[in-house]
Amino acid sequence: MKETIVAQATAPGRGGIGILRVSGPLATEVAQAILGKCPKPRMADYLPFKDADGTILDQGIALYFKSPNSFTGEDVLELQGHGGQVVLDLLLKRILQIDGIRLARPGEFSEQAFLNDKLDLAQAEAIADLIDATSEQAARSALKSLQGEFSKKVNELVDSVIYLRTYVEASIDFPDEEIDFLADGKIEANLRGIINQLENVRSEAKQGSILREGMKVVIAGRPNAGKSSLLNALAGREAAIVTDIAGTTRDVLREHIHIDGMPLHIIDTAGLRDATDEVERIGISRAWTEIEQADRIILMLDSSDPESADLSKVRSEFLAKLPSTLPVTIVRNKIDLNGEQASESEEGGYQIISLSAQTHDGVKLLREHLKQAMGFQTGIEGGFLARRRHLDALEKAAEHLQIGLVQLTEFHAGELLAEELRLVQSYLSEITGQFTSDDLLGNIFSSFCIGK
């Protein structure tokens, strides 16, 4: 027999309304014990909530949803009372006294909904993403994922792959047919169509991933180059202390900002130099740790100091120490001191933004550059939120499609193409949970709130 679970569905603490949710075969028994009756399905009933001895603990609205017409697909009872934590704890304690009822694990209601085919895995993840959204655009995109926009695109890809697999395997199973299915051009055309279709989904998923997770941008450079001033300019407030004393910033400072809906984690670091002060040396060590973990580096140069702004010197002292795959934007700061105009240029393969963090002249150029460099497009309609695991699955599927194309066009190997298509189908199906390990499910749902 399936277990019956209970948890507080609203956030802990004081509030106007507090909700307890019960899901499982004993939901009607809980209703009888607490309410004295089971409400009619999907009909709100205003009733007292009673303790075991008949004492009224609270009064409020009771809602009953009969299986399978509920969020979890099981019998569900919701008790909506006052939001005082003491009252809710008393009611929860009373429900847990009933035999066969236990406290729900984090995310267990959503997990039951997934296991009962009420929503797929991408939709279940979207519940947590909607709750955690930090911007209006992220919230709208999470809602679209919850409504199945992302899953629909993935399922369309899976259907296309299954159709092509069937066609390829038919050509393998009937080799004596006069028509050479592998050579008639239809399979290659379909395969290239799937590759293009997947590339469109990957592009949209990348934007969705930026919306969900943000991008980590580290501001680095020599002491007194204006790193903290730039952090303040981007944040729109005095987030960091700014002085003329080199080495003022000795630890890592973090700010979370949005540029037209794109979330950025901006990190200001200690100035990079050979320091003798132990505290400053620790700060510089932490700065290099942050640099190695960044999605992009903003390298600050002092344009008023010719030696500091010498790109050839910067290349040997700093750029040569970075991973070759780490994107770098060079910012020439303090143009207000030498009368330069704000501008964007390119030199030695690096984008260079000339600006003044003090007067904010050119800061808008940097904001636009960061948006473009991160591949973020403002105002895209119909977007969805995506997680890192989704991007990984899409990337692996794309790799195996390309391998399959080579097997077809260069080696005419139908069996090997069929195997690559099987792997593509498997990776895509992981996104929606059609092929998913128990460990992955545990990791996903354990990150949810209790009561969700």
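All positions are counted from 1 along the displayed chain.
Each Cβ is built from the backbone N, Cα and C atoms, and glycine gets one as well.
Features as listed in Swiss-Prot:
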BINDING   Arg21, Glu78, Lys118, Lys452  (6S)-5-formyl-5,6,7,8-tetrahydrofolate binding site
DOMAIN    214-375  domain 'TrmE-type G'
BINDING   224-229, 243-249, 268-271  GTP binding site
BINDING   Asn224, Thr243, Ile245, Thr248  K(+) binding site
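Positions of the features from Swiss-Prot, shown on the structure.
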residue	record	DSSP (3 states)
Arg21	(6S)-5-formyl-5,6,7,8-tetrahydrofolate binding site	strand
Glu78	(6S)-5-formyl-5,6,7,8-tetrahydrofolate binding site	strand
Lys118	(6S)-5-formyl-5,6,7,8-tetrahydrofolate binding site	coil
Asn224	GTP binding site	coil
Ala270	GTP binding site	coil
Lys452	(6S)-5-formyl-5,6,7,8-tetrahydrofolate binding site	coil
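With every protein chain in view, the residue among the binding-site residues Arg21, Lys118, Lys227, Lys452 whose Cβ has the most Cβ partners within 10 Å turns out to be Lys227.
Closest by Cα distance to Ala270 (GTP binding site), from the binding-site residues Arg21, Glu78, Lys118, Lys452, is Lys452.
Listed in sequence order, the residues Ala9, Ser23, Ser70, Phe71, Thr72, Val76, Phe109, Ser110, Ala113, Gly451 complete the 8 Å Cβ shell around the (6S)-5-formyl-5,6,7,8-tetrahydrofolate site centroid, once Arg21, Glu78, Lys118, Lys452 themselves are left out. The CA atom of Lys227 (GTP binding site) is located 50 Å away from the CA atom of Arg21 ((6S)-5-formyl-5,6,7,8-tetrahydrofolate binding site). Asn224 (GTP binding site) is surrounded by 23 other CB atoms, counting those within 10 A of its CB over all protein chains shown. Comparing CA positions across the binding-site residues Arg21, Glu78, Lys118, Lys452, the one lying closest to Asn224 (GTP binding site) turns out to be Lys452. With a 10 A radius on its CB, Ala270 (GTP binding site) counts 27 other CB atoms from all the protein chains. In the structure as shown, the Cβ atom of Glu78 ((6S)-5-formyl-5,6,7,8-tetrahydrofolate binding site) sits within 10 Å of 21 other Cβ atoms. Site extent for (6S)-5-formyl-5,6,7,8-tetrahydrofolate: among the recorded binding residues Arg21, Glu78, Lys118, Lys452, the largest C-alpha separation is 18 Å.
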